[in-house]
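Participant: These came from Swiss-Prot, pasted as-is:
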DISULFID  CYS51-CYS65  disulfide bond
DISULFID  CYS58-CYS69  disulfide bond
DISULFID  CYS64-CYS76  disulfide bond
SIGNAL    1-19  signal peptide
Amino acid sequence: MQKLTILLLVAAVLMSTQALIRGGVEKRQEAKRNFFSKRKTTAESWWEGECRTWYAPCNFPSQCCSEVCSSKTGRCLTW
């Protein structure tokens with residue numbers, strides 16, 4: 001009888017641990033999904049004038065839609 005009780009307790013602990021782990025994974029996946037859904041695509045950024053197109057003058061990579069600013073020419077490059 002004692003062995004059965006211990007076995008049931010161990011099973012209950014394992015199941016509750018698994019439920020806690022599964023809940024944590026789902027929260028992380030939801031956070032990732034929310035993070036990526038908030039980001040704009042390159043086309044959306046360009047359309048709204050938030051970045052510069054190919055070969056436009058630039059000083060910093062963040063100014064270009066491709067995020068590649070040539071230090072040699074001072075212009076946005078393609079990917």
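Note that Cβ sites are derived from N, Cα and C of the backbone, with glycine treated the same way.
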Participant: Cα-Cα, whole number of Å: CYS65 (disulfide bond) versus CYS76 (disulfide bond)?
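Facilitator: Here the two Cα atoms are 8 Å apart.
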Participant: For CYS64 (disulfide bond), list the number of other Cβ atoms lying within 10 Å of its Cβ atom.
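Facilitator: Other Cβ atoms found within 10 Å: 24.
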Participant: I'd like the Cβ neighbour count for CYS69 (disulfide bond), meaning other Cβ atoms within 10 Å of its Cβ, all protein chains included.
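Facilitator: I count 20 other Cβ atoms within 10 Å of it.
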Participant: Do me a favour and check the Cα-Cα span between CYS51 (disulfide bond) and CYS64 (disulfide bond); whole Å is fine.
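Facilitator: CYS51 (disulfide bond) and CYS64 (disulfide bond) have their Cα atoms 5 Å apart.
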Participant: Within 10 Å of the Cβ of CYS65 (disulfide bond), how many other Cβ atoms can be counted across all chains shown?
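Facilitator: I get 19 for this one.
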Participant: List every residue in the same chain as CYS58 (disulfide bond), at least 6 positions away in sequence, whose Cβ is under 8 Å from its Cβ.
Facilitator: ARG52, CYS64, CYS69, GLY74, ARG75, CYS76
